[in-house]
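Sequence annotations record features per position, and here Swiss-Prot assigns domain 'ABC transporter' to 6-244. Residues or ranges marked as ATP binding site in Swiss-Prot: Gly41, Leu42, Asn43, Gly44, Ala45, Gly46, Lys47, Ser48.
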Amino acid sequence: MSDYVIECHNLETAYVGSLNRPILNEISCHIKQGEFVVLLGLNGAGKSTLLRSLVGLVPLVKGEVHINGVAMNSRILPQIRRDVGMLFQGGGLIPQLSAIENVLCGRLGTRTTWQTLFGFPKRDRLLALELLEQLGLRELAYQRTSKLSGGQQQRVAIARALIQSPQILLADEPTTGLDVIATQQVMETLAELHTQQGMTVVAVLHDLGMAARYAQRAIVLDAGRIVYEGSCDNLQAQFVVNSQ
């Protein structure tokens, strides 16, 4: 059995006329179980597109994505999306709902209409409360998310991603729009999931210092191609070299 939980083989998306190239162009990379990997690059490099392709949210014209050794296809996509938690840029919460209700939304994909018609099962609600408690938000469980701070909202979004008990967590610019304190709280949460629970974390970041502090490995993209893959040491030099 492969040591890799994520494998990308020659991924290519459709040609984009405004860019004169595909957004992703012959992308191949591998991520091991329990790694914390960051995707870096300038705006438009293809970071978020690559991340979303890992859960079938981006159509590919060429290449394959393998999750846990299985090639992604429409038949197994629902299972893959249960195994892979996704933290979208901005959180994607419903502001009118409470924190716990937003977390429970993460269960909608595995519950039938009849199961949710009269509310979520008690075990789901208990799990949601447990996750919020682990993230320091137990006392805010019934507060509308619109009244929470940016950092608190992002931690609610993390809890929502975790309610499926995923093996892998994908985070698309999880600190965008957050202040320094909230940014640190979110990154510490991701780091704890990695170090304490052995979760595989793949995050799109812009802050090179943050990447070097928390991640084990970096994948740097430029114009839809991987230009560096390796240690997070001296990442600034990689951007200087690749811009010349």
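Cβ coordinates are placed from backbone N, Cα and C, and glycine is handled just like the others.
Not measured: the values here are computed from a predicted model.
Proximity of Lys47 (ATP binding site) to non-local residues of its own chain (separation of 6 or more, Cβ distance below 8 Å) is seen for Leu39, Leu40, Gly41, Val204, Leu221, given in sequence order. In this view, the densest Cβ surroundings among the binding-site residues Gly44, Gly46 belong to Gly46, judged by other Cβ atoms lying within 10 Å.
Taking every protein chain shown into account, Leu42, Ala45 are the binding-site residues, and of these the Cβ with the most other Cβ atoms within 10 Å belongs to Ala45.
For the binding-site residues Asn43, Ser48, the greatest number of Cβ atoms within 10 Å around a candidate Cβ is found at Ser48.
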